[in-house]
Amino acid sequence: MQGKKPGGSSGGGRSGELQGDEAQRNKKKKKKVSCFSNIKIFLVSECALMLAQGTVGAYLVSVLTTLERRFNLQSADVGVIASSFEIGNLALILFVSYFGARGHRPRLIGCGGIVMALGALLSALPEFLTHQYKYEAGEIRWGAEGRDVCATNGSSSDEGPDPDLICRNRTATNMMYLLLIGAQVLLGIGATPVQPLGVSYIDDHVRRKDSSLYIGILFTMLVFGPACGFILGSFCTKIYVDAVFIDTSNLDITPDDPRWIGAWWGGFLLCGALLFFSSLLMFGFPQSLPPHSEPGMESEQAMLPEREYERPKPSNGVLRHPLEPDSSASCFQQLRVIPKVTKHLLSNPVFTCIVLAACMEIAVVAGFAAFLGKYLEQQFNLTTSSANQLLGMTAIPCACLGIFLGGLLVKKLSLSALGAIRMAMLVNLVSTACYVSFLFLGCDTVPVAGVTVRYGNNSARGSPLDPYSPCNNNCECQTDSFTPVCGADGITYLSACFAGCNSTNLTGCACLTTVPPENATVVPGKCPSPGCQEAFLTFLCVMCVCSLIGAMAQTPSVIILIRTVSPELKSYALGVLFLLLRLLGFIPPPLIFGAGIDSTCLFWSTFCGEQGACVLYDNVVYRYLYVSIAIALKSFAFILYTTTWQCLRKNYKRYIKNHEGGLSTSEFLASTLTLDNLGRDPVPAHQTHRTKFIYNLEDHEWCENMESVL
């Protein structure tokens, strides 16, 4: 017996050692996964990905004109490139939102980020597949400063490039153009799972009162991305396009020269790298984060019939029937259910109204903001670079702050659904008032020779106006570009050539007949408008306030939406939201705003015998029409917010009851009971607590999970 003791002791020691080693391995495993078991780490990773997504989208906008000149594209061509992102996104957003809710959401987001990285790299590829950029050096017509001056006696007819060759190159089929379109489609496809799956994943793993703050941070990063994109665009376009292939010290042009083309491809490479590395982090997160027993983890979700919600909710938000296997529904059946579920969602007035209101708010941003830089140039006589810098440093940061504050207010004030919709209505009213003030903040149209006034500073009466006059008939002036100059007589001319200036120092301008010959000079740019500087400063301040206040409605709208659908429909409902945002909020508004702006044009350029871009607008009509469209969209959004509030208020009075007395089945299902207090004793009548609004999206026959619809 004594001999066995050492053996037993030794066996027990070995067993203890094995248990100790196993415990240490378990601790190491926990340590390895602990970094990716924190929802805050996921938030940081998602923010990095959304920041990169917003950056690459804005960067494309900042280099569109560079692409147009580099590959001889028309404005319609670059418009197709810009819209290709939405086409790729629309193609898959519903499918990704539906099937993504049932799969591994972080991995799907990571795959989407890698696809976006591939699209960004393909966007830069055309520069490396085509020939180096060649510019015409020493054109006499433009002079040393790149100014369009009077070419008397046809002195420059043989100096510049062949116009026929330019037109042939412009209309030739360009495979690089198709490659750019394909790259943008890839970017749109890759962006599909990032927003809806990321939002639903975060909402499933945070406390209800913290959800608005987390979502607000997400959308803040998405809006902050465009500011980074514009800044990156301004930096890259100052670098010569072929700087990696040639010695730039031998260049005789600068970024201010009209022949300069910047390194448009550099930003796409940088964005591709950022997208790729931020996507890799997503593959480390599990499908379901470990549960946390924190107070307030209850979700203010829609209450469905039966006691399905007494079971723990999977992290992907999909509840399955306990007797139903995972593979019960075929792929075809799952596809067949999508139209039914979509119709069911849209048949709910609360869901439909809040989605349409969000579409109207986004439509203002997509339409008004898309042409805001152009508006600043036309109204306040700013340069393109100055307008973009102001937008990047003022309006966009204010919008980011507004989205963050909106989520913070919802969290700090613990707003219910009714409180959130009231906040959205108030924010809408204040921002609409700011837009109304824009009607009175602008500059009048400056007098332009041959367009708004006659040559010689006479009022525009009698015969039709014509920019060609006897003073410039022999100058061979062209209308393919707009390089305005301000004459000493206070009149703006389309170019130094139209002013009759035959010297590159802009003197001796024959069309300035109201001033002495020695003073017949012009300076580059439009003539200033009286009081325009003061109006611009006021406009800029109001624009900052408008961006700040208007953006505060975004987070409450998303919060209302995800609180008015059942958990298993959350990801799909967000997919429907983003689909409609693109269909109604991103695609039509730029077309509507653009058509309205074009209707205010006073003078069109011509290129290769065809009508080109508008170079001069009626500022007053432009301002009224441009701002009025935004006001109309904001007003429509307020009507939809009001309708949503009425629906919520009526259902609140109907379903939310005191806990005194018994409750019917319908009253019970729509009461203040949540997942955590089902089956518990009713709250005493004397105990005060915040009543939660629960809107029952599903009818009683829709009480099962998604597969029951089959």
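Placed from the backbone N, Cα and C atoms, the Cβ positions cover glycine too.
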Same membrane side for R102 and V206 per Swiss-Prot: yes
Three-class DSSP secondary structure - C477 (disulfide bond): coil
Top partner of the transmembrane segment (345-366) among 107-131, 175-203, 262-286, 387-410, 540-562 - counted as Cβ pairs under 8 Å: 540-562
The transmembrane segment (540-562) vs the transmembrane segment (387-410): 3 or more CB pairs under 8 Å: yes
Packing count at N519 (N-linked glycosylation site) (other Cβ atoms within 10 Å of its Cβ): 13
Stretch among 175-203, 262-286, 387-410, 415-438, 572-597 sharing the most Cβ pairs under 8 Å with the transmembrane segment (41-60): 262-286
Contacting positions for the topological domain 'Extracellular' (367-386) when only residues 6+ beyond its ends and CB under 8 Å are counted: 61, 234, 395, 442-443, 446, 525-526, 528-529, 532, 535-536, 539, 589-590, 592-594, 597, 617, 619, 622-623, 626, 629-630, 633
Alpha-carbon spacing, C471 (disulfide bond) to C477 (disulfide bond), which is rounded to whole Å: 11
Selected stretch (most C-beta pairs under 8 A with the transmembrane segment (175-203)) from 223-243, 262-286, 572-597, 631-648: 572-597
